[in-house]
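Asker: This is the structure I have questions about; it appears just below.
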Amino acid sequence: MNVNLMWFRNDLRLSDNSALHFSCRNNASTVLALFIATPKQWERHCLAPKKKMLIYKNIVALKKKITELGIIFYYYESTDYLESTNYIIEFCKIHKVTSIFFNLEYEFYERQRDKIIKKKLKKNNIIINCFHDSVLITPGSIKNSYGKMYKKFSYFKYKCIKQLQLNIPSCFPKPQNKNLHDHYSLDFTIPIFHTYLEKFDANIFPIGEDIVYEKLKFFIKYAFNKYNFDQEIFELNSTSMLSAHLSIGVISPRQCVTLLFKEYPDIIHKLEECKWINELLWREFYQHLLYFYPNIGQNQSLYHWENRIKWDNNLYYLNLWKQGNTGYPIIDAGMRQLKQLGWISNRLRMITASFLVKNLLIDWRKGEEYFMSQLIDGDFASNNGNWQWIASVGTDSMPYFRIFNPMLQSKKFDINAKFIRKYIPELSNVSTYNIHNPCDNNKTNKIHSKYPQPIINYYHSKKKTLLVFKHAKCSNKL
């Protein structure tokens, strides 16, 4: 009898799961499920404690759901990726596994792990079935006239939209109940991961695919039409708040798109104008880039001129930025929200990142690493791509001379300073003008006795950065 092993990784759901769907397609086969936790490896990758807890909670929910389908769920905690490959081979031998099914991951070390496990599986005559499941469109199917990956998002987006319009995505259904035959039910509690974890707000980041899917339905039905106008505002209800669940595969991008098309059939002809689709396609773009340029995962940018940038890398300033004590209220409110909630809006990510790189002249990699260590929705491809974009060193990045002005951003997106006052209570009684203009108080350069004065002058730092980046770029042409 055939025994199929479903290896869960970054795809913690039953519905629309390519590998799970095909592992269960043959009713005559026995299906086993396995998840391997690698907390030490996660620590090396700076995975946020809140995200590790989100993974744990959703693994517990997944085990319950898949057991109800008659599929036995196994759990193992490994020291690292290499040790996990050894465990899988032993598992396959013990349970007489004939085929293994899993969804691909594009990060550098995950691909190295898969390369190793594929060799071992082939050596043991185990059939390998792997799928591109975390994206809307298979990497490699969107190419330029030279047969290569687009490095400009606008071209990539145009091609993606055309493909989505021609081939509307469909979702795989949840598998039907399996017959356990002579297998017995494994009744055990998944032990807590052996690593530092932090609690998160389950009202904002719910647990389990059914509740998350309901959250998606609510957003599309009641909040989607406001997204084009509210997306840049800092309030939580201005976005879908699904990024954390997309990052660990509790929900798929296909589910997002198919549900949107179902609710608004005519939107398929207006995808270019849809900001939510735009955000999903940025995520897609960075996933495809990582697939084609795996060295991005090794602290490298695609353009070598950035190696000539002379970073200040002031560790004192870096720590003040992390703590939310720069003296720029919008920066500090964003960094404090990141620390407390494990999430900040896309606009705030750009503002705070620009300040670190373009005003404090600190290497973007240090900011990238810190964000990963805090974000409950930390996704390597998107986080890396966004940091390279803001630092003007990645593909299709903004020009190096574009630098976000935190005062103007503050006035535009937090008009009444409601967000700032929420996360910086010491400024609760300070006037909105002074909050938005921390550099304009000529007497003390301080807007409150308990709040720090600006650590740098924005305008002076901007001039310095422009010179440093211009020199690095011009030197590259010599």
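Note that Cβ sites are derived from N, Cα and C of the backbone, with glycine treated the same way.
Feature list, courtesy of Swiss-Prot:
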| type | residues | note |
| --- | --- | --- |
| DOMAIN | 2-136 | domain 'Photolyase/cryptochrome alpha/beta' |
| BINDING | Glu110 | (6R)-5,10-methylene-5,6,7,8-tetrahydrofolate binding site |
| BINDING | Tyr227, Thr239, Ser240, Met241, Leu242, Ser243, Asp377, Gly378, Asp379 | FAD binding site |
| SITE | Trp311 | site 'Electron transfer via tryptophanyl radical' |
| SITE | Trp364 | site 'Electron transfer via tryptophanyl radical' |
| SITE | Trp387 | site 'Electron transfer via tryptophanyl radical' |
| BINDING | Gln409 | DNA binding site |
Asker: Return only the integer: C-alpha distance in Å from Trp387 (site 'Electron transfer via tryptophanyl radical') to Trp364 (site 'Electron transfer via tryptophanyl radical').
Answerer: 6
Asker: Could you measure between Tyr227 (FAD binding site) and Gln409 (DNA binding site) for me? Cα positions, answer in whole angstrom.
Answerer: 19
Asker: Going by Cα-Cα distance, pick out whichever of the recorded positions Glu110, Trp311, Trp364, Gln409 is nearest to Ser240 (FAD binding site).
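Answerer: It is Gln409, whose Cα lies nearest.
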Asker: Determine, to the nearest whole angstrom, how far the Cα atom of the residue listed as '(6R)-5,10-methylene-5,6,7,8-tetrahydrofolate binding site' is from the Cα atom of Trp311 (site 'Electron transfer via tryptophanyl radical').
Answerer: 30
Asker: Widest Cα span across the FAD binders Tyr227, Thr239, Ser240, Met241, Leu242, Ser243, Asp377, Gly378, Asp379, in Å?
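Answerer: With Tyr227, Thr239, Ser240, Met241, Leu242, Ser243, Asp377, Gly378, Asp379 as the binding residues for FAD, the largest Cα distance is 22 Å.
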Asker: How many neighbouring Cβ atoms, not counting its own, are there within 10 Å of the Cβ of Tyr227 (FAD binding site)?
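Answerer: For Tyr227 (FAD binding site), the 10 Å Cβ neighbour count is 17.
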Asker: Here are the binding-site residues: Glu110, Asp377, Asp379. Which has the lowest count of other Cβ atoms within 10 Å?
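Answerer: Minimum Cβ neighbour count within 10 Å, taken over the binding-site residues Glu110, Asp377, Asp379, occurs at Glu110.
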Asker: Please work out the helix, strand and coil residue numbers for the domain 'Photolyase/cryptochrome alpha/beta' (2-136) from the DSSP assignment.
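Answerer: Grouping H, G, I as helix and E, B as strand yields 62 helix, 30 strand, 43 coil.
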Asker: Can you check which residues sit near Leu242 (FAD binding site), meaning Cβ under 8 Å from its Cβ, same chain, 6 or more apart in sequence, and list them in order?
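Answerer: Leu242 (FAD binding site) has long-range Cβ partners Val212, Lys215, Leu216, Phe219, Ile251, Cys256.
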Asker: Count the other Cβ atoms sitting within 10 Å of the Cβ of Trp387 (site 'Electron transfer via tryptophanyl radical'), across every protein chain shown.
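Answerer: Taking all protein chains shown, Trp387 (site 'Electron transfer via tryptophanyl radical') has 25 Cβ neighbours within 10 Å.
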